[in-house]
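**Student:** Quick one: the structure is below, and I'll ask about it shortly.
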Amino acid sequence: AARADGTMGFSSELCSPQGHGAEQQMQEAELRLLEGMRKWMAQRVKSDREYAGLLHHMSLQDGGGRGTGPYSPISQSWAEITSQTEGLSRLLRQHAEDLNSGPLSKLGLLIRERQQLRKTYSEQWQQLQQELTKTHNQDIEKLKSQYRALARDSAQARRKYQEASKDKDRDKAKLEQLGPGEPPPVLLLQDDRHSTSSSEQEREGGRTPTLEILKSHISGIFRPKFSLPPPLQLVPEVQKPLHEQLWYHGALPRAEVAELLTHSGDFLVRESQGKQEYVLSVLWDGQPRHFIIQSADNLYRPEGDGFASIPLLVDHLLRSQQPLTKKSGIVLNRAVPKDKWVLNHEDLVLGEQIGRGNFGEVFSGRLRADNTLVAVKSCRETLPPDIKAKFLQEAKILKQYSHPNIVRLIGVCTQKQPIYIVMELVQGGDFLTFLRTEGARLRMKTLLQMVGDAAAGMEYLESKCCIHRDLAARNCLVTEKNVLKISDFGMSREAADGIYAASGGLRQVPVKWTAPEALNYGRYSSESDVWSFGILLWETFSLGASPYPNLSNQQTREFVEKGGRLPCPELCPDAVFRLMEQCWAYEPGQRPSFSAIYQELQSIRKRHR
């Protein structure tokens, strides 16, 4: 922006959130352009190399000039053509190598620098905003304190002035009443007493408030005791950046769109997976339809007129009821807001890697807003869309649950890649490692309390018709106060009738923890979770030993089918082992419910010293 004196500088508008949003949009657009340039150059290098190879191959096919002699004009022409073809091949190959080692390489470095610059800019802006807010609040509190002190002093001075004014008025009235005459004669005692009482009456009469005093008093009652700040200048919704729009769902997997769109004309905007494109998804005639929002010359359009931003485009389509395309005739009706659980990537500060899952790394972190400690599960960007949808299945399950023995969901980051699931950070680590490192020092009552926690969490899931399918010590977490929480809901499913029929092979199935009917027929239920809970009990009281240690998965299946079961751990109470055996009943209907298991464990714990 240009200053009034003609020099160039930054406009004050860039200091506002709107300016920050515009700056971020510009950075995103530049990065998308650079990525497009890099892809174009890489394709050019590839094409030039392939073309050079084909030309070289053609130049080697010199069969046409054989037998004509070296002095034949045709032979000489053919030799010249093949020579020039070989020269062109070398030139193209050299050009491709120069492009690859020069501009393409430097462009890659530039992209990384711009990405780092964008990250640094965002972090610095957040830090400045926090410092500004903190300083602003401190200044306001200081001014408030000064104002209150001045208000008290003013009120006290006003009261003193009013009292002095009343005394002055009374004295003046008394003097006027006495007049300029001689002093009165000496009175008798009775007259003096009467005079005194008359004087008191006069003084009492002097205290009667006048109409003006009453008005002043009443106005003081209704006068506001504080000043209000001036109203803020609100930013119209259409001028807010894309990531602040309620209908922008970020990198939402395509598979989840159908669940959010329920009525004809419902729509949302999302980022295309694997491509730097935005997609407008609309429900029409009972089917979700997906339109790529074209971007050219910094204008956005599905077809026809272009707009400077996607919010302006969406606002126009909603207001005008203009069809998205002439061919489709689809009209936008209702924007579907993003989930309340959605967080921005900028809301997180990532820490060190603390683990690795099936979908990607797990990091520690904090929420910028209040420094809450969190665990951040990431999903690798290279995974196919259907796998990314499975990654979000865990968050979809946990959104509905709240229990002290179920790990708590904080939110999901789907606004851009990579996708994150944000959960409470349980700092004690997983239960299996805890048993192997701390188990020997734990009292029996503590172990009973911890498996009781697991039973309480599973009883809650059972009441919600949720089947965990992967219950094991490795998938439970321990707090610093030895409270156990059920975690890892990646394989969990909800079933209205309490039974889930799985399809596919056993590649991902934990065979040694899984009930026979689930392995044989793919039939999962709370009863199959009870079988897994029996294995969890065995892991607990064997202090983290591996079940069926000398058997393969196939041998374990055959052993269980023949009636074989795990032996009683050395330090396990008899009552707990009897409960394990009940959990391992071959028929699902003969296994106890989690409610009964919880009650039995509570009873055993009370009896145990």
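Each Cβ is built from the backbone N, Cα and C atoms, and glycine gets one as well.
Pulled these from Swiss-Prot:
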type	residues	note
ACT_SITE	Asp470	active site, proton acceptor
DOMAIN	8-174	domain 'F-BAR'
DOMAIN	247-336	domain 'SH2'
DOMAIN	348-609	domain 'Protein kinase'
MOD_RES	Tyr500	phosphotyrosine
REGION	1-20	region 'Disordered'
REGION	152-208	region 'Disordered'
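Could you place the listed features in the three-dimensional structure?
**Tutor:** When secondary structure is read from DSSP and collapsed to three states, Asp470 (active site, proton acceptor) falls in the coil class.
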**Student:** Summarise the model's confidence over the domain 'Protein kinase' (348-609) as a mean pLDDT value.
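**Tutor:** Computed over the domain 'Protein kinase' (348-609), the mean pLDDT is 89 on the 0 to 100 scale.
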**Student:** Please give me the CB contact count at 10 A for Asp470 (active site, proton acceptor), counting all chains in the structure.
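**Tutor:** There are 20 such Cβ atoms around Asp470 (active site, proton acceptor).
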**Student:** So how many of the residues in the domain 'SH2' (247-336) end up helix, strand or coil by DSSP?
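**Tutor:** Split by secondary structure, the domain 'SH2' (247-336) comes out as 18 helix, 29 strand, 43 coil.
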